[in-house]
Amino acid sequence: MDNSTQKDQHSGKKYSRKANKVQKGFTAAYPTQSSIPYKYQPLIIPESEKKGFNSQAKRFYHKQDDIPGPGFYNVIHQSPVFDSVSLSKKGTCTFPSMCARLDTIVSKFPAANAYTIPSRLVSKKDFSNSCSSMFQLPSYEKVLKFETPAPNQYNASDSCCKQANNVCARAGFVSKTQRGLFTVSKTGPAPGHYDVNESLVKQSPKILMSCFKSKTDRGLKLTSTGPGPGYYNPNGHPKVQKKTLIPRNPILNFSAQPLPLPPKPPLPGPGQYEIVDYTGPRKHFISSASFVSNTRRWTAGPSQPGMPGPATYRPEFPGKQSFLYNEDNKWIPVL
């Protein structure tokens with residue numbers, strides 16, 4: 001009795017443990033089978049078959065329903081560093097590198113919240129609320145103020161330009177011409193609307209003339225005292241005038257004294273001579289044989305009566321004729 005009761009109690013404890021404790025599956029892309037029964041029975045594929053040739057792609061996945069199970073989305077892949085026994089720790093290439101892969105990067109600088117900025121370094125004016133600092137004046141530069149007045153902020157006085165006393169040195173010959181603005185009378189005539197009296201020089205013409213008129217005479221030709229064109233020959237020799245020699249002792253002659261030769265006529269001026277064409281008429285170049293024939297060309301023979309003239313008839317060459325039947329159904333041989 002005691003043994004049976006102890007077995008029952010012991011067996012009851014075992015049953016109670018299995019009944020009260022619920023197995024929790026691994027929450028990943030491929031959830032394991034849970035202890036709670038449900039409608040669909042999934043197929044369990046071992047993990048060794050899913051890993052093939054260092055690939056992390058999903059293989060041998062069989063989906064039974066359209067409803068995603070727990071852990072079906074937000075998949076977290078495994079680490080690229082494999083700890084499998086089948087893979088070499090030194091790599092799979094020909095010359096593996098001994099350097100460690102995927103080292104943890106440790107920053108050499110402190111984090112943003114690891115230090116505090118002193119208050120004296122913080123700018124009193126925050127430019128981030130308005131515009132960028134590159135479009136504003138620098139805060140550390142002092143703006144220079146102009147101490148001189150503007151062009152319209154003072155009245156110029158003429159007292160500094162005038163002479164203050166008579167003690168200072170002055171020039172010996174001081175000009176008495178007044179300086180300043182030239183007052184133009186409004187009633188005077190405009191330039192060119194009055195005549196200048198030039199009666200002292202010459203009589204002024206009654207036309208509109210300029211106020212500043214030149215007194216140089218225009219249109220006057222000076223009489224030349226030298227010879228004109230063609231009056232002398234620059235290539236000739238100067239002429240020596242021959243005087244008539246009258247003998248002092250006259251001799252009894254039966255003839256008069258010889259007279260000198262008449263002078264040569266002057267050279268002709270422009271337009272007094274005719275231009276002679278010494279080149280002759282222009283030659284007409286015609287083709288001729290080396291031995292020119294004396295036979296007459298274009299000789300028209302005597303016309304014979306009854307002969308037709310040129311272009312009175314039109315000779316025609318007989319064409320090829322066929323052996324087909326004509327209108328008379330006769331054979332026509334080829335000539």
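Sequential numbering from 1, following the chain as shown.
Each Cβ is built from the backbone N, Cα and C atoms, and glycine gets one as well.
According to Swiss-Prot, the region 'Disordered' annotation covers 1-20. Taken from Swiss-Prot, the feature compositional bias 'Basic and acidic residues' applies to 1-11. Summarising the annotation, Swiss-Prot assigns repeat 'STPGR 1' to 68-75. The phosphotyrosine feature in Swiss-Prot is assigned to TYR73. Annotation comment: Swiss-Prot describes 110-118 as repeat 'STPGR 2'. Residues or ranges marked as repeat 'STPGR 3' by Swiss-Prot: 149-156. What Swiss-Prot records for 188-215 is repeat 'STPGR 4'. Residues annotated as repeat 'STPGR 5' in Swiss-Prot: 226-255. Taken from Swiss-Prot, the feature repeat 'STPGR 6' applies to 267-284. The annotation repeat 'STPGR 7' is assigned in Swiss-Prot to 308-317.
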Distant-in-sequence neighbours of the repeat 'STPGR 7' (308-317), which means Cβ under 8 A and at least six residues beyond its ends: none
Residues in the repeat 'STPGR 7' (308-317) grouped by DSSP into helix, strand and remaining coil: 0 helix, 0 strand, 10 coil
Summary of DSSP states over the repeat 'STPGR 2' (110-118), given as helix, strand and coil counts: 0 helix, 0 strand, 9 coil
